[in-house]
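S.K.: The following block contains the structure, expressed as structure tokens.
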Amino acid sequence: MLNMKSFALVMLFATLVGVTIASGPNGQCGPGWGGCRGGLCCSQYGYCGSGPKYCAHNTPLSEIEPTDAGRCSGRGTCSGGRCCSKYGYCGTGPAYCGLGMCQGSCLPDMPNHPAQIQARTEAAQAEAQAEAYNQANEAAQVEAYYQATQAQTQAQPQVEPAVTKAP
């Protein structure tokens, strides 16, 4: 539980790093608390704010609270710089804005949005893993070919050249 001293430290830290905390009882959000107002993100720890610490985590779909006011399906647009998820709800973060998760307004003109950065990072990691797998597979095939060639060479009988004697 967050006591008043801890809450004050969180608010001071948020001010120093340039994020905005929502007004309301302790700025809490998520299941049981509801969403954030004014286009703010709900952090993985359940507090409203802006910036990567609040918007960069992947919100599980079970925690996305559907409300008629937050629906965008059919229109594909959301206010406050939020994305319209493929499930038809407005929000921020990879669950709404990530590659393959967004419809309509997907922040194509905001390449530095935390969700876009995370999506590009995940795509680059997947590509690097695929390349590493392909290189390892190719190396294994070359090694197997080399071993098979060596085995064939050793299995062939050694024939010594015939020596003929002069009469």
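Cβ coordinates are placed from backbone N, Cα and C, and glycine is handled just like the others.
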S.K.: Which cysteine out of Cys36, Cys41, Cys72 is the one Swiss-Prot pairs with Cys55 in a disulfide?
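M.R.: Checking Swiss-Prot: disulfide partner of Cys55 resolves to Cys41.
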S.K.: Please work out, from what Swiss-Prot records, which of Cys29, Cys72 forms the disulfide with Cys42.
M.R.: Cys29
S.K.: Based on what Swiss-Prot records, which one of Cys83, Cys84 is disulphide-bonded to Cys72?
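M.R.: Cross-referencing Swiss-Prot, the cysteine bonded to Cys72 turns out to be Cys84.
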S.K.: Which of these, Cys78, Cys83, shares a disulfide with Cys97 in Swiss-Prot?
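M.R.: As annotated by Swiss-Prot, the paired cysteine is Cys83.
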S.K.: Looking at Swiss-Prot, which one of Cys90, Cys102 makes a disulfide with Cys78?
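M.R.: If we follow Swiss-Prot, the cysteine bonded to Cys78 turns out to be Cys90.
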S.K.: Can you name the disulfide-bonded residues among Cys48, Cys55, Cys83 whose CA is within 10 A of the CA of Cys42 (disulfide bond)?
M.R.: Cys48, Cys55
S.K.: Within 10 Å of Cys97 (disulfide bond) by C-alpha distance: pick out those among the disulfide-bonded residues Cys29, Cys36, Cys41, Cys48, Cys84, and say none if nothing qualifies.
M.R.: Cys84
S.K.: Are there disulfide-bonded residues among Cys36, Cys48, Cys78, Cys83, Cys90 that sit within 10 Å of Cys72 (disulfide bond), Cα to Cα? If so, list them; otherwise say none.
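M.R.: So far as Cα distances go, the disulfide-bonded residues lying within 10 Å of Cys72 (disulfide bond) are Cys78, Cys83, Cys90.
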